[in-house]
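A quick write-up on the structure given underneath.
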Amino acid sequence: MESENKKSAVSDVGAWAMNVISSVGIIMANKQLMSSRGYAFSFATTLTGFHFAVTALVGLVSNATGLSVSKHVPMWELLWFSVVANVSITGMNLSLMLNSVGFYQISKLSMIPVVCIMEWIIHSKQYSKEIKLSVLVVVIGVGVCTVTDVKVNAKGFICACLAVLSTSLQQITIGSLQKKYSIGSFELLSRTAPIQALSLLILGPFIDYYLNGKFITHYKISSGAILFIILSCSLAVFCNVSQYLCIGRFSATSFQVLGHMKTICVLTLGWLLFDSELTFKNMMGMVIAVVGMVVYSWAVEAEKSSNAKTVPHTKNSLTEEEIRLLKEGVESMPLKDLELSVSKG
């Protein structure tokens, strides 16, 4: 039992580490690809379509070679999930374009309480005082790190609300679908990725045109840009797989809370690699956020331990006792009686 727990813990850490490394890596690659000082590839929605196309291709190859098994999920649920996920991507891009960076960061931070409320409404999930407090500390810490100027307008506010609601619902739905259909993270991703890829590659160029006034067909491609697009797509496969893995293993709330570790990593790497400014305010916010994450991890483990203690073990022990008595009864039963009982059944 202990060895199984250790293996599970190692798997959890591995899934989370893969998500953090791939997410931070893709942000750094996209920064070089999309910034004016890099390759100025400002077509974020279409790039996301490329990401899902490569992910779908990997899933197709995996299913064809027998490395994974394609399980049945009703098409309407796949379409519903894909619509929610695409609204999330488009909403985030529009929110970033229409709002100030400060308000955009606030909208991202609001996902934690929104996910908590949604899980409470949909799954009747309850949270302890310690978890609520630790979530508040994380939100304050990341807010101190990232929020600067906060300017709000009607269109931007609507897009931000749409992005937050759809992203929160998407992350909850990932976990729900995995449990409902007993489907693995990669199997689910391989079913949803083709639909998302097709829709984003069709609609993406028009959304990007609305965002930056340029069509992707007018972009002058270079070998360096192609290299970074390939790198971005490769990292996206790991990022997408690890996101499904993490939500399947933890919860949407845990994924959001621990996800802010990526924000801290991005700020630190931006300072190290891109000469971004790192102020005392940023560092203080990072420390507060990390403290909140540590407290959150402790609170979750404490809640698991208390639940394990309060759950009665009588059913398991009774079942074991019944099995033992049944075995003893069968072993002590004369052979004739046993044959008669079988024939009567």
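Every residue gets a Cβ built from N, Cα and C, even glycine.
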Item to check | Residues flagged as transmembrane segment in TrEMBL, choosing from 143-165, 189-211 | outcome: 189-211
Next on the checklist: Under TrEMBL, the annotation transmembrane segment belongs to which of these stretches: 41-66, 301-326?
Outcome noted: 41-66
Checklist entry - Looking only at residues six or more beyond either end of the transmembrane segment (189-211), which have a C-beta under 8 A from one in the stretch? => result 42-50, 52-53, 55-56, 58-60, 62-63, 68, 70-71, 73, 78-79, 81-82, 85-86, 89-90, 93-94, 97, 183, 217, 240-241, 244
